[in-house]
Amino acid sequence: MISFSLLMALFMALLTLSVRPMGAWMAPLAAGSLPSRWQALDAWLLKLFGVDGRGMNWREYALAVLTFSLLGLLALYALQRLQGVLPLNPQQMGAVEAGSAFNTAVSFVTNTNWQGYAGESTMSYLTQMLGLAVQNFLSAATGIAVAFALMRGFARRESADLGNFWADVLRVSVYLLLPLSCVLALLLVSQGVLQNLSGYISFTGLSGQVQTLAMGPVASQEAIKMLGTNGGGFFNANSAHPFENPSDLSNLLQMLAIFLIPAGLTHTFGRMVGDKRQGWAIYLAMSVMFVAAAYALAYFELQGNPLLTALGVESVAGNMEGKEIRFGVVGSALFATITTAASCGAVNAMHDSFTALGGMVPMWLMQLGEVVFGGVGSGLYGMLIFAVLAVFIAGLMVGRTPEYLGKKIEAFEMKMVALVILVTPLLVLLGTAVAVVAAPGLAGLANPGAHGFSEVLYAFSSAANNNGSAFAGLSANTAFYNALLGIAMWFGRFAIIVPVLALAGSLAAKKTLPQTAGSMPTHGALFVALLVGSVLLVGALTYLPALALGPIVEHLTIWSGR
Amino acid sequence: MNIAIEQQQGRDKAGVWGPAARMLLGLSLLLGIAYPLAVTGVAQVLMPHAANGSLIVKDGKTVGSALIGQNFQRADEFWSRPSATGGSAYNGAGSGGSNLGPSNPALHKVVAERIAALKAAGPVPVGPVPQDLVTASASGLDPHISLAAALYQIPRVAQQRKLDAARLRALIDAHTEHGWFGDNARVNVLQLNMALPR
């Protein structure tokens with residue numbers, strides 16, 4: 001626990017230091033008004049892409065999001081199906097099977113990056129670069145753009161203008177994601193992450209056995225995989241693979257990269273609404289839940305597996321099945337918390353082999369709706385939905401019309417909030433229920449008993465909340481799971497984005513009321529506690545019964561000695 | 001529904017599909033071709049060793065990667081961790097973990113078998129077996145074992161190679177790496193085995 005606390009302290013210190021500069025970097029992009037020295041370049045870029053930059057109302061904005069995503073889906077599907085006849089394919093990978101190609105296309109377009117395939121034996125370099133990595137950028141930019149639109153909803157008064165989606169995506173991609181990715185990619189290469197276009201190499205190892213090593217342009221993809229909270233690994237083992245994540249430093253960089261933009265956006269939000277404390281309150285609420293979850297996960301993993309101890313295995317190291325030595329339990333537990341608190345889904349350890357309760361923590365973090373930092377953009381707009389819920393509950397308690405940041409919260413807003421909060425539990429619980437009674441669903445289980453149920457619950461929690469990590473024993477590359485999880489991912493993304501934009505449109509149209517002595521302050525400790533309470537309460541009430549059937553039963557079985 | 005919205009806005013279809021197509025095409029070229037090629041170019045010029053797999057060359061021939069473990073099974077070598085890679089152990093083109101859950105009897109069975117195999121291969125110290133030596137890593141390509149797991153194998157390797165245990169201990173110490181906080185002592189198995197006297 002001491003080294004875990006040291007790593008946690010280092011991580012939180014670096015992250016907190018990054019919040020203000022990152023927030024300031026993104027603020028002009030959110031406001032849509034760049035500093036004057038960039039305006040000539042910006043005008044040229046918009047012209048190059050034929051984007052007029054005209055303001056959109058929420059319906060136009062939503063339509064642009066959906067159209068862009070749908071087109072991305074079709075392009076990525078086509079690329080996977082045609083990769084066999086396209087260049088940059090030294091291993092001569094054939095066309096990806098149709099069901100898997102559909103699932104993967106949905107997965108990357110929705111910023112989920114659930115992976116039903118093994119990268120090194122399925123995808124050509126061209127598909128990785130031009131397909132998967134491009135959607136890593138674009139789905140991330142889309143999420144950030146939607147968060148910008150919601151910020152504008154709070155910041156603007158009596159306006160229909162939420163900004164221009166095309167200009168937002170273009171600016172976020174070119175001014176934010178691309179430069180960050182270039183720097184991170186080269187830092188990762190310096191640690192030993194691959195970056196080449198060679199075919200796989202084979203040689204005779206030290207004791208005479210032939211070994212083949214997969215190659216590829218890994219670092220460039222790894223960088224945006226983390227920065228865009230995408231999480232889809234170049235290789236099957238994801239960030240556990242030494243060629244994706246070779247050292248202590250690469251592990252820390254990857255963990256920081258996951259939270260960098262979601263954390264910075266809280267500050268951007270504060271600047272946009274003209275009160276930085278509002279952003280810090282959100283950051284604090286997220287941090288409290290994150291740190292608590294990380295300690296819980298580390299505690300359970302360090303306890304180890306008593307059933308192995310009974311066989312004569314030492315337990316000081318904690319539970320090491322499915323973990324890498326260079327990360328140990330400490331570096332794996334922190335990474336697992338970060339990747340599921342954010343909707344990243346990259347893994348540096350196999351979550352399926354975590355202890356029962358250790359595996360429940362990432363599952364529950366996803367089920368909270370990916371709002372503890374969450375995905376780039378999506379984490380902030382998800383958390384703001386809970387903030388609206390929190391002021392609504394507080395308003396009910398004291399009998400006042402709830403307001404947030406000067407905007408009156410009325411029936412239409414609450415309908416959209418309710419919709420957003422209800423969509424993912426519906427997808428998760430319904431999907432899990434279908435899969436555990438249907439024969440093709442049960443056929444995918446790798447582990448027997450309660451753990452098998454956890455595998456399915458984890459899969460739907462991950463898909464519907466656009467995380468992408470897995471209890472990877474589940475054989476999910478089947479027609480059944482490819483279709484069902486594909487649907488969960490699509491609606492888990494866009495059935496949230498559309499009501500969020502509707503909410504943004506409705507808020508932008510309202511007047512901004514002045515703060516009075518009767519207004520509830522939303523930057524203090526009381527509000528932070530209320531916000532954390534709302535998130536945890538909704539998460540607990542929704543998922544505790546299902547969690548009791550999976551990880552909780554498994555934990556009791558293991559520790560009762562059978 | 002989309003069409004209804006568009007009519008409501010009084011805009012034709014190209015109003016959305018046009019920019020969507022231009023954006024996707026333009027950004028694909030920039031982010032999907034130019035960006036990875038530029039990073040590849042810079043990496044190949046500045047850091048070719050790291051960018052190409054940190055390969056270890058001995059007598060002019062590649063014998064492995066400093067970052068990827070190998071499947072050592074002979075009694076006179078230090079063993080790596082068990083590997084669950086696809087096809088065969090330590091398959092560098094088929095990474096992955098076992099994904100066995102903590103309550104799965106299959107996990108307990110395979111761990112018991114590995115303990116038995118370790119003890120059958122030669123003398124071992126008394127006491128519990130270091131856990132990483134009998135559990136599979138996440139990637140199946142873990143280049144390291146814990147310091148404890150290396151020390152645990154000294155009696156066997158010393159007996160097989162007719163070496164002094166103290167000399168092996170010194171060799172292990174010379175190859176031990178630590179985590180940032182002095183914890184997580186570990187040994188790169190390939191490099192340790194390469195350093196063993198013949």
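Every residue gets a Cβ built from N, Cα and C, even glycine.
Lifted from TrEMBL, the feature list:
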TRANSMEM  A:61-79  transmembrane segment
TRANSMEM  A:129-151  transmembrane segment
TRANSMEM  A:172-194  transmembrane segment
TRANSMEM  A:252-269  transmembrane segment
TRANSMEM  A:281-300  transmembrane segment
TRANSMEM  A:325-347  transmembrane segment
TRANSMEM  A:354-373  transmembrane segment
TRANSMEM  A:379-398  transmembrane segment
TRANSMEM  A:419-443  transmembrane segment
TRANSMEM  A:479-504  transmembrane segment
TRANSMEM  A:525-546  transmembrane segment
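Here the transmembrane segment (A:129-151) does not lie next to the transmembrane segment (A:354-373) in space: the count of CB pairs under 8 Å, restricted to residues six or more apart, is fewer than 3. Tallying C-beta pairs under 8 angstroms between the transmembrane segment (A:61-79) and each of A:252-269, A:281-300, A:325-347, A:419-443, A:479-504 places A:479-504 first.
Highlighted: of the candidate stretches A:325-347, A:354-373, A:479-504, A:325-347 has the greatest count of Cβ pairs under 8 Å to the transmembrane segment (A:252-269). The stretch in A:379-398, A:479-504, A:525-546 that contributes the largest number of Cβ pairs under 8 Å to the transmembrane segment (A:354-373) is A:525-546. Same-chain residues lying 6 or more positions outside the transmembrane segment (A:281-300) and placing a CB less than 8 Å from one of its CB atoms are 1, 4, 8, 12, 19, 262-263, 266-267, 269-270, 329-330, 333-334, 336-338, 341, 354-358, 361-362, 364-365, 368, 371-373, 379-380, 383-384, 387, 522-524, 527-528, 531-532, 535-536.
Residues 146-147, 150, 154, 229, 262, 265-266, 269, 282, 285-286, 342-343, 369-373, 404, 409, 413-414, 417, 420-421, 496, 500, 503, 520, 522, 527, 530-531, 533-535, 538 of the same chain, all 6+ positions outside the transmembrane segment (A:379-398), place their C-beta atoms under 8 angstroms from a C-beta of that stretch.
A Cβ distance under 8 Å defines the sequence-distant neighbours of the transmembrane segment (A:479-504), meaning residues of its chain 6+ beyond its ends; these are 58, 61-62, 65-66, 69, 99-100, 102-103, 106-107, 110-112, 114, 116, 146, 149-150, 152-153, 162, 378, 381-382, 385, 388, 413, 416-417, 419-420, 423-424, 427-428, 431, 434-435, 438, 440-441, 444, 459-460, 463-466.
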